[in-house]
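Colleague: Pulled the feature table from TrEMBL, pasting it below:
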MOD_RES   LYS197  N6-(pyridoxal phosphate)lysine
REGION    1-31  region 'Disordered'
Amino acid sequence: MSTHDLPEDLSPATRVVALGRPPRDPGAPVNPSIELTSTYAADGAVGYARAGNPTWLAFEEALGSLEGGDALVFSSGMAAVTAALSLAPHGTPIVASKTAYNGTVARLLDAKADGSHEVRWVDLTDTDAVIAALPGAALVWLESPSNPLLEVADLPALAAAARAHGVISVCDNTFATPLGQRPLEFGVGVVVHSVTKYLSGHSDLILGATVTAATDAGRALRDRLAHQRLLGGAIAGPVETWLALRGLRTLAIRLERASANAAELASRLDGHSAVARLRYPGFGAMVSIEVAGDADAAERVTGAVRLWSHSTSLGGVESQIERRRRHELEPETTPDNLLRLSVGIEDVDDLWRDLDRALGQA
Ligand SMILES: *Cc1c(COP(=O)(O)O)cnc(C)c1O
């Protein structure tokens with residue numbers, strides 16, 4: 001890739017466009033190619049495509065630059081979560097929040113049940129309680145803002161405390177994206193992403209990633225994660241990776257519009273007669289509401305929308321709505337009547353009219 005000849009100090013909105021492109025040789029393509037091969041002629045840098053693929057490198061260069069570290073792409077967000085959790089040696093304690101992404105919580109419950117790890121459950125918004133749980137732990141799992149409660153943790157304080165106790169900190173940065181916050185700058189050890197969501201942004205693929213600092217300690221973590229990817233085998237397809245890079249090109253402009261829409265909808269939802277509680281962290285494009293009424297009332301809303309997509313997942317250009325407790329894996333910390341709204345880039349008045357009418361059915 002060609003970062004070396006780009007000007008320094010480019011803003012993130014420029015970097016998503018400029019990075020991960022081939023060298024500018026005369027006649028060269030402006031986009032990376034989709035490298036469809038399982039193996040390579042002997043004696044090159046990579047011998048077999050489970051160990052590396054040039055299309056991965058293009059995406060990893062762009063994401064790594066945004067987060068300020070070295071990225072590795074995985075086959076899904078959960079593959080990246082699993083690789084990051086594998087950094088805690090068997091038998092060691094892990095500190096985590098019960099209000100993290102439901103797949104992560106389920107994975108930790110499995111690890112506890114089969115005796116692989118002791119799990120110390122904490123409230124991530126209670127900084128002192130998290131710090132008190134750190135001594136002797138191998139890893140602390142941070143997710144902020146959290147899915148779907150949109151709780152915000154004090155990442156700088158928690159990252160510093162984890163470092164002081166020799167605990168590896170991992171931050172799932174899926175909701176904020178590197179345009180919202182860069183956890184490596186706070187001293188977090190590993191950033192995890194579901195690339196499926198905002199980074200790719202079009203609800204058309206499943207991918208994940210880890211990012212680690214470009215320091216000796218960060219590179220040591222990167223090597224362990226790369227080893228886990230090589231032997232765990234949860235590798236990204238080149239086609240999905242290429243599509244993710246194409247989606248990433250518009251991240252800044254998509255987030256700008258979606259975040260503005262979310263702020264506007266949050267202000268209109270505040271005090272709405274059908275909304276018992278509004279959850280909006282003040283940035284980003286995710287909003288959760290607790291409907292005035294029970295789970296059935298919330299289901300009537302998802303059944304009544306016509307423009308919003310009633311579907312799981314988030315971070316796409318299209319607005320989505322879902323009652324999270326419909327999923328068996330969703331922790332009981334998520335209220336039964338909570339609707340998670342992933343606000344897209346449509347016209348905000350069109351979104352409001354559809355949502356307001358659907359809320360009238362609650
Ligand atoms: C979706 C999601 C994941 C899991 O990612 P997949 O790409 O679905 O495997 C992990 N963390 C968060 C916060 C998510 O929203």
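Note that the numbers count up from 1, one per residue, in the order the chain is shown.
A Cβ is built for glycine as well, from the same backbone N, Cα and C atoms used for every other residue.
Are these features on the surface or tucked inside, and what are their neighbours?
Modeller: A 10 Å cutoff on Cβ-Cβ distances gives LYS197 (N6-(pyridoxal phosphate)lysine) a total of 23 other Cβ atoms nearby, all chains included.
Residue counts for the region 'Disordered' (1-31) under DSSP, split into helix (H, G, I), strand (E, B) and coil, are 10 helix, 0 strand, 21 coil.
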